[in-house]
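What Swiss-Prot says about this one:
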ACT_SITE  ARG173  active site
ACT_SITE  SER249  active site, proton donor
ACT_SITE  GLU345  active site
DOMAIN    24-197  domain 'FAD-binding PCMH-type'
Amino acid sequence: MPMPPDDSALSLLPDHPLAAHNTFGIDATARFAARVTHAAQFAALHRDPRVAHLSQLVLGGGSNVVFTRDFDGVVLLDEIAGRRVVREDDDAWYVEAGGGETWHAFVAWTLEHGMPGLENLALIPGTVGAAPIQNIGAYGLEMKTYFDSLVAVELATGRSERFDAARCAFGYRDSFFKREGRGRFAIVAVTFRLPKRWTPRLGYADVTRELDARGIAPDAATPRDVFDAVVAIRRAKLPDPLELGNAGSFFKNPVIDAAQFDALRARVPDVVSYPQPGGQVKLAAGWLIDRCGWKGRTLGAAAVHDRQALVLVNRGGATGADVLALARAIQDDVRKQFGVELEPEPVCV
């Protein structure tokens with residue numbers, strides 16, 4: 001009788017090119033790569049003598065990474081699939097997705113199955129497993145709002161752990177997995193709590209303008225209307241990584257205290273800002289970069305997108321060093337002109 005397949009077996013791909021595995025399209029090579037389709041493969045890594053001693057990098061869609069050099073270790077390509085409703089009660093559905101699921105496809109699937117809530121996060125690149133690391137957000141919604149829990153494998157021990165929101169310690173484009181837990185875990189499944197009573201989030205003018213252009217009053221908008229509007233806005237503003245390499249918004253919108261904001265507004269009365277809890281103020285990083293004259297400018301083979309100053313692009317053949325040099329030049333100018341620090345969103349490897 002043939003033996004059943006071993007779900008923990010890992011097939012290594014030596015000298016694996018990474019350009020197709022990062023949305024910037026940066027040419028780098030991994031000493032090894034491996035496609036991971038089962039959580040058991042992550043759990044068995046620490047016992048595999050071929051890779052246990054090597055540096056390990058879990059990669060989803062590669063939409064939040066800048067490769068600055070070849071990776072002398074094993075890149076673990078998270079392709080764990082699956083979407084299901086794990087349970088429901090009178091108030092909500094609890095929906096689980098595999099870490100390797102494409103985020104946008106998952107959002108579309110929830111809508112198709114009558115479970116709205118995530119539509120403001122449509123078309124954000126990357127995978128479900130990467131979403132909690134960054135606490136992705138757009139158009140007035142952060143992922144943490146509907147997050148329930150996740151399952152992650154600690155790579156050094158193979159132990160599976162469940163994390164609730166408190167353990168994830170979500171912040172603005174931040175989480176435990178981007179700080180203390182960076183590089184230690186592989187997220188294999190994420191569960192979301194989607195309320196059965198839908199609450200539209202239409203606080204951003206871009207969304208209401210797009211709805212208006214479609215002849216839809218905000219109070220009459222359906223979840224599908226909001227989804228379609230967000231998709232249209234993102235496609236109009238952001239370049240397709242398949243056509244022009246990029247990682248979406250490259251910098252976080254900086255958050256400053258009230259005293260710093262008052263001093264800045266005294267010098268720059270038209271500065272774009274958004275009040276935050278606790279008296280803090282969020283600034284529009286794209287506006288700051290544009291005001292410094294960077295929109296459309298190039299440095300080496302990297303450039304600032306000509307329609308969205310928050311997006312850095314690969315004009316063809318850009319290296320990670322090109323992208324970082326451009327980012328640092330922008331940071332220097334914004335610091336000199338506004339006294340504000342810009343923090344990159346992508347992780348540099």
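Here the Cβ of each residue, glycine as well, is placed from N, Cα and C on the backbone.
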Item checked: the residue listed as 'active site, proton donor' to GLU345 (active site) - Cα separation in whole Å -> 7
Check: What's the CA-CA gap between GLU345 (active site) and ARG173 (active site) in angstrom, rounded?
Finding: 7
Notebook entry, point to check: Where does the mean pLDDT land for the domain 'FAD-binding PCMH-type' (24-197)?
Noted result: 96
